[in-house]
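Notes follow the structure.
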Amino acid sequence: MTVPATDSWPAPIRVPAGTTAAAAVRDAGLPGRGAPDAVVVVRDASGTLRDLSWVPDTDAEVVPVAANTDEGRSVIRHSAAHVLAQAVQELFPQAKLGIGPPITDGFYYDFDVPEPFTPEDLDKLEKRMRQIVKEGQLFSRRVYESKEQARAELAGEPYKLELVDDKSGDPDIMEVGGDELTAYDNLNPRTRERVWGDLCRGPHIPTTRHIPAFKLTRSSAAYWRGDQNNASLQRIYGTAWESQEALDDHLRLIEEAQRRDHRKLGSELDLFSFPDEIGSGLAVFHPRGGVVRRELEEYSRRKHIEAGYEFVNTPHITKAQLFHTSGHLDWYADGMFPPMHLDAEYDDDGTVRKPGQDYYLKPMNCPMHTLIYRSRGRSYRELPLRLFEFGTVYRYEKSGVVHGLTRARGFTMDDSHIFCTREQLHGELASLLRFVLELLGDYGLTDFYLELSTKDPDKFVGSDEMWEQATTSLADVAAESGLELVPDPGGAAFYGPKISVQARDALGRSWQMSTIQVDFNFPERFELEYTASDGTRQRPVMIHRALFGSIERFFGILTEHYAGAFPAWLAPVQAVGIPVADEHVPYLESVAAQLKSHGVRVEVDASDDRMAKKIVHHTAQKVPFMLLAGDRDVAAGAVSFRFGDRTQINGVPRDSAVDAIVKWIADRENSVPSAELVKVSSGE
């Protein structure tokens, strides 16, 4: 049977009992090694991925998995991690193995070694990996007869022994899982002798030659199993793809992402910094960054007012009891900063006259918003009640995961909590999702999909019935939006299911943006009520919603999305006057005054630098509009536009230039201005 290769392929194929999956794939005429869509594993009827060497006991229908799919790439990367580990133990025989899973766009492996790996070490390891790949070693699955056999074989690998004993634990550990303990041996293709092996549940590609293209990218320190109380290991990262072309494309993307890194641009553009004296994950915004942040907030504030939100403010710290009531201290304590014990009073001899109490920095604003709702009686006529706050919160993130503005310890959420009746819930969710998508679009993000996070069976509060009702409401609204919906089983917070709006940036990377979370639980815990139309007391439904997620994170994402070249309406400096010579400065200052009268953020560069150097500097600073003026411009009452793409419009009457800039900013154009896009009449 031959299966045509189409966008929807591969169709299921049959593997006869006693036959390898590889033979069935070959008989079906599906692509083999060397093709980007080569079949690397198959998926059986239970959803389990199987090696191509798998032989079913009875006839089985399987779905071939191609190398150029997410699942196929994951298998290739997992196999590449094994090749890396083999190379490390050959070149560094004292190395002890940690874990080596595939990750998004790549893989890593952790090693216990005496010294950190150097760039030269990575070059040597990559060279040895290429030799192993060229050898075509076979990946061979082997089942341990018992834990005792596994322990005996792995006696020299302490981290693997820990995984053997924790076999039923973490499902994300690639080494163990399922009903069996298994190893994968790398076999010499000629002699079939074992060359190297690793504790692993698989699956793997047939041979090392099925790794078409790979590269080691970097190394770093990492704690064993991500716990800072455990041993510090050395982690080597790499990436592997279905073709050299795909690898090259990915490496170019990495290079571009590094160029756009918001931490790098934040320093180069004088936007923000992270002083050591303040602490990890705590940013300070410089004047220019403060302008961008203010514009982000002010536009959002205006839109929220138009949409019927009421603004509130709450303190940064609160008594511990509030977080006992909310459940945060039961379910979220690890993400909170330690308590401050305050208000105790003592006699002169040290005897406690008045006991103190614990206060916490708030990790979330929602408990305080419930208190605002509860501060007086509420009627159904007041609902939906939409409370909104730019509220600064503090979360204890481990230092190893803090990452610039996108993963911080202190940040400001654009936090809203909506209280409505159950009858209003569906309509409120639908209008809320529309509002979120429209507002994100105003900032230039337009490529979205949705993620539905559902209950973690081991970490939730409230009844199953409440969770089911909330999940159904969110799923219905998501379906009505027409956007792709990706399930996230068990990914919800402890108090309710949520929809996350995922946005793709200019590089195609996905970022979690807005979250919309239904909560029947908080109204119960805080005993929130309203008087219904029939006079009875009813519980409202609560919706948690953060549109940006946090101002800081959104700032970082937009910085990378625009590569620092913010739209003119957000740019810290919207226009700059660049004189040909000093005598042209007064004229440009008069043009700047005209622009300032319209609210434009404009500067005139009166420095001693030559004009060409000024243009280079302000181009690097991503100023949207550069206005040049020399003798002819002054005589004609004109300016010349210069843009970041090096295009230019000469001899534009100053009033026309001012009008064009003011209109561009007022229209909130998100594209980069250029001679092609800016509509002005030239005086020449």
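Just so you know, glycine gets a Cβ as well, placed from its N, Cα and C.
Keep in mind that this is a model prediction, so the values were computed, not measured.
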| query | To which of H316, H324, H417 does Swiss-Prot also attribute binding of Zn(2+) at the site defined by C366, H544? | reply | H417
| query | Taking DSSP states H, G and I as helix and E and B as strand, how many residues of the domain 'TGS' (1-66) are helix, strand and coil? | reply | 7 helix, 17 strand, 42 coil
| field | Environment of C366, H417, H544, the listed Zn(2+) site - residues of the same chain whose CB lies within 8 A of the CB centroid | value | M364, N365, H369, T370, D415, S416, Q517, D519, F522, M542, I543, R545
| Here are some binding-site residues: H417, H544. Which one has the most Cβ atoms within 10 Å of its Cβ? | H417
